[in-house]
Amino acid sequence: MEKWWFNSMLSNEELEHRWGLSKSMESLGPIGNTRGSEDPIINDTDKNIHSYSWSDSGSYSCSNVDHFFGVSDIWSFISDETFLVRDSNGKGYSVYFDIENRIFEIDNDSSFLSELESSFSSYLSNGSKNDNRYYDSYMYDTKYSWNNHMNSCIDSYLRSEISIDSYISTGSDNFSDSYIYSYIFSEKVSGSDSESSSIRTSGNDSNFNVRERDNDFDRNQKYGRLWVQCENCYELNYRSFFRSKMNICEQCGYHLKMNSLDRIELSIDSGTWNPMDDDMVSMDPIEFHSMEEPYRDRIDSYQRNTGLTEAVQTGIGQLNGIPIAIGVMDFQFMGGSMGSVVGEKITRLIEYATNESIPVIMVCASGGARMQEGSLSLMQMAKISSASYNYQLNKKLFYVSILTSPTTGGVTASFGMLGDIIIAEPNAYIAFAGKRVIEQTLNKTVPDGSQVAEYSFHKGLFDPIVPRNPLKGVLSELFQLHGFFPLNQNSSGARGSVICSE
């Protein structure tokens, strides 16, 4: 285990504030920023390093630890995993964490620390800084420059070791204005495989209470307000920036699920969205009996949690100035299942577009027909298909279907596959019956990847696969190719009417 010495040139107060370590000079806080209040993880009265405990301010602290030292070899420190601290009594400890093996270790080998201190003094007196090809004389001239450089190194260390972005605000002594986010105890989580991490100690006089941490699922829930974990590469994406990235993983480019509100914002010009039938709600038409939760109560619960009235939002707006009618399904509302209200809203949308002669976009994300409404939900397939037939074949208008993940069941068997142009998102799960249903029904194994968009594309099931970034531009070009133009280019015609319908 390599250990690097820290120099006390750093100001305690500035170190605490700028690294977000603590609010007092007597405490050493975390390299991290989380939420909530949890049980203590470590207790050690002998070393006077008391419990690591979560606080409402988003930091945890170890009382009576005085400060980090400094670094003798700053470039070697970046890839190291051990830090040395000294408590208020002048006693030194080495703090080690192994991210890969999820180990947190504290040691107080006094002989080793004394040897290091002697080596460090010799290092400075011999002028080793001049031999370092990375050394910048100005960098070490002032305490302020040291702090800035140390901040940069801590940031680089976390980026390289934890594989996530961290953010450090320098030049401010205000604790609330400076922060650093990291995820010390977990890195790449592999799907359903759950591993438990532990905290252990070394040293003859150590008396720590070791508590095994929760599994990956619980840990990810705890940090869910800060990070979004990619379903494909399991890397973490900072939640505050994730929406601006269109829910696309910055590491691997995987398209994660997107709610209907974000999709509307992505596709529709700002200030042009006008919802339709947003007050229409389900009324439990067959009085579905459930041992767990009544259907109406379940609907109410989803309405409170999502802010939606049903699993689809319909309305009119403009896409790059072109008037359109659009329906966007939301998988967060009962899995985007299609009930009588969903079918009615989509049917009314298509009928409105037929009367106004404007193009229709349907963004599909659904698990299929809603079982709580029985055959009434299956009837919606025929009702929507009938309205679509009149719109497409009789009126010669243009319908675009966008298949997102997942699109299955009755939606796949009806309006999802009826578009004049059928667009799929990359790696979207598109099928009629899900993998589990097929395997349990036919007792056969469904090959991996046989129900993703790329496989179906090569079989000719739909037209292009379009990522979210260029989607709006692609739709705009398709509409203009089929005779629909922005209002300012088609002032002589009615709202985006077809100029060339044949």
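Note: Cβ is positioned from N, Cα and C throughout, glycine not excepted.
Per Swiss-Prot, the stretch carrying the note zinc finger among 92-114, 138-160, 230-252, 368-390 is 230-252. Cβ contacts within 10 Å of C249 (Zn(2+) binding site), excluding its own Cβ and spanning all protein chains shown: 21. For the binding-site residues C230, C233, counting C-beta atoms within 10 A of each C-beta gives the highest total at C230. Close to the recorded Zn(2+) site, the chain also has E231, N232, Y234, E235, N237, E250, Q251, G253, Y254: residues not among C230, C233, C249, C252 whose Cβ is within 8 Å of the site's Cβ mean position. Of all the Cβ atoms in the protein chains shown, 12 others lie within 10 Å of the Cβ of C252 (Zn(2+) binding site).
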